[in-house]
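Annotated features, as they stand in Swiss-Prot:
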| type | residues | note |
| --- | --- | --- |
| BINDING | 39, 40, 41, 42, 43, 44, 45, 46 | ATP binding site |
| DOMAIN | 7-244 | domain 'ABC transporter 1' |
| DOMAIN | 254-498 | domain 'ABC transporter 2' |
C-alpha cells in the first residue's frame, strides 16, 4: 500500500437476503484529505460505511488502515483504531450537558468513589473547543442546542477519540450558510493536523469548496475516483445515474385554474405575522427563505398541526375551519413533512403499512381491511413512482432515503388531495431520485393539483415554481413571478431587503 493512503477498502462485497448491496467496491483515502463519497440513495454508501465502522461484516474483501489489515468487529473497535462517524441523524443524549455527551463513558472520575470530576471534564471540553474554534458552553444541555451546534459537538467528540479518519454523513443538510462556512473552517483545520475525512454529500457545489477527491458508487458497484477539481457536474451526474441529465427540470406548460387555497393575514405570535398568499389549481408555488424564516411553521398552521392566533383560510372559495390535521385532510389537503424520519415515517412498519396510514379507513369494510385492494393500489403506485424495494412488506427503515420519500408521496396520492404541501421534498436525496420526484411534482400539477413547495435549495425553487413567495423572520417579504425570480432577488428578500417587482 502506498504510504499516501490512510485507508484502503478493497473488493468489498456484502449481500443481504434478495439483494447484493455491495459488489467488489473499493475506496482509497489519502492522509490529510477530504474524500467525497457520492452516489444515488441505494448506491451502497451507507452499507460501505457501516462495514468500515463495524456494524456489518463484509462477505468478501479487506480493509487496510495505516498499512495493516483491519477486521472491524464493533463500533468501539473502530473508535479504538481511530475511525469515527458523524451521522446525518444526530442522536445526542438530550438531558446531559455538552461535556457529558462528548466524554460519555470516558469521564474523568475519582478512584474507588466513581464520582465524575466535573471541573476536569469541563476543562477538557473547553480545551477541545479552543482547538476547534468552537464557541459553545460545555455546561449547556444538548437539548438546548441548534442542529449546527449539535453537529459541532459531534465533531469535537470524534476528535476526542484521537480519530485519524472521520466519516461525515450529509453534514450540511440542516444548517445555515454561515454555519456551513464555520464547519468548513474546522474541516480545513483538521486536514492540517493530518486527519482524513470521508464526506458523504448530495450537494455538488460542495465538492470544489471542501473536497480533494471524489469516489462514485452506483447500484452497489465502484464506478470511479477523480480529483474534485477535475470532475464536472455533468460527468458526476453521468457517473452517479448511468445516464445523462441535461435538464433536470422539464417543466411542462400547464393551464392555471381557479384559486384552490387562499390564506389571509395568518399570524402566530413569535413564529410568523400577517402572512397572505394563494395557490391555484395546476400551479406550483415555491416558499423560499433562510432557516428560521417561518416557512414550515406557516404550512403547519394551515394544515392544522399548530393553531394560528389570527387569520382566515379559504378552500375553493369557502372559508375553512381547520383545528386539526384531520380537518385539513377532510378539506382535501396533504402535507409531506420536512423531517421524514421524525414526523413522516413509521419506521417499525412495512412500506405498504406506511403508504396507507392516511387512507386506512377507505380500505375498511364491515370492520375488515380489504387486503387485496390495498395490495393492488400500493403495488400500482410503487411501480408508478419506481419505489425500489424487494417487497411492499419490507420494513420501510431498510429503504434508501429517496425510496422512503417516494413512499410518503404515495401515501398522499392514495388520499388524492387537491392541495399538496411539500416541505423539503428532496432533502437528503440523490440527483437521480430528485429528477424522478420533480417529474412527479410536474405531473401532479398537470393533473390540476395546487402545490406549495418549501425548499432550501435555490435551483429547486427556481426550477419548480410558477411563483416564489419569500419569507424573512416570519414575514412575507415579497412575491416573484417565474420570470422575475432569480437567485439574487430571492436572496435579497430572504435577507430582509425590499426590492421592486411587478406586484
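Even glycines carry a Cβ here, placed using N, Cα and C.
Between the listed binding-site residues, namely 39, 42, the fewest other CB atoms within 10 angstroms of a CB are found at 42. Non-local neighbourhood of residue 44 (ATP binding site): 21, 22, 25, 217, 219, 220, 221, each in the same chain, at least six residues away, with C-beta under 8 Å from its C-beta. Summarised as a single figure, the pLDDT of the domain 'ABC transporter 2' (254-498) averages 90.
Neighbour counts of Cβ atoms within 10 Å were taken for the binding-site residues 40, 43, 45, 46; the minimum is at 46. DSSP assigns residue 40 (ATP binding site) to coil, not to a helix or a strand.
Residue 45 (ATP binding site) falls within a helical segment according to DSSP.
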